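Here is what TrEMBL records for this protein:
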- 42-290: domain 'G-protein coupled receptors family 1 profile' (DOMAIN)
- 26-50: transmembrane segment (TRANSMEM)
- 62-82: transmembrane segment (TRANSMEM)
- 102-121: transmembrane segment (TRANSMEM)
- 133-159: transmembrane segment (TRANSMEM)
- 199-222: transmembrane segment (TRANSMEM)
- 243-261: transmembrane segment (TRANSMEM)
- 273-292: transmembrane segment (TRANSMEM)
Amino acid sequence: KMFTRSNCTVNKFVLLGLAESPDVQLLLFGVFLLVYVFTLLGNVGMMTLVRTDPHLHTPMYFFLYHLSFADACYSTVIMPNMLVSFISRNKDISFSGCVAQLYSFIFFGIIECYLLAVMAYDRYAAICSPLRYVVMLPKAVCVWLVSASYTLGFLYAAIYTGCTFGGSFCNSNVIDHFFCDIGPLLKLSCSDWVLREKVIFAFVSLNGISTSGVILISYLYVLSAVLRTRSAQNRSKAFNTCASHLMVISLFYGTGFFTYLQPSNSHNGLDKVAAVFYTLVTPLLNPFIYSLRNRDVKEAFMKRMKRGFCLH
């Protein structure tokens, strides 16, 4: 469970985290504990609503169910370990733990990228071709699209993780980050990492361009269809339906592109700030953005609450 090069061995890493001051760490523990609790409540709650309410058994909410699952797991990969480090002051992570964390983080991150693209196509189908919506996205196609997202997540996570840990670490074992991420780990590599970084950059570009391209094209068609609508009420409804999706995409892709589409030697303190947004804030906001701006979800939530009160 360790990499070896000459007399250099690494069997654990040290994560510097977000702050060194004990008082600041205690404050961050409280803040991020609340973030994590609300992230789990929001995403698990969304999954429960989609699973139990028959009115939400549509392609859009089928994709949203899996997005919520990916978000809950995405946050869980990073948050518990970070919370423990705030309290225990122990910033160590084993080599195998670091590998597992990076792989899981990339796996769920890639799934989220492709699910966001699939959901953009879903909005295109619902708004631009409402009469053919059921034909364009039958249950079998929805299952296939979600399965493809998970499969691509599995494959790309293996490629990224293999390239990141494909060398030796003998310069240092101190990671200037709050979790095991590609850039900070490559900076610690004492073997030739340039080729591995180029491979990672190529696949990140491929994933980013392909998924964001689908999203951009889908929403250009949606915008065109909305502008052709004569009814102001229908235009407003269409914009509201898509606004939540666009808010999530802008936050997730903006901070992600900033972090991963730059050379590892160009990374600085801003990377931690960007990482907080795409790893911790986005999974928190997703269920609330969709629920607050979606009438179907609001109605399902109110029904659930009424049933709860009736039982008591």
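Keep in mind that glycine also has a Cβ here, set from the backbone N, Cα and C atoms.
Computed from a predicted structure; not experimentally measured.
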Open item on the list: Pairs of Cβ atoms less than 8 Å apart decide it: which stretch in 26-50, 133-159, 199-222, 273-292 has the most with the transmembrane segment (102-121)?
Closed with: 133-159
Open item on the list: Looking only at the domain 'G-protein coupled receptors family 1 profile' (42-290), what is the model's average confidence as pLDDT?
Closed with: 86
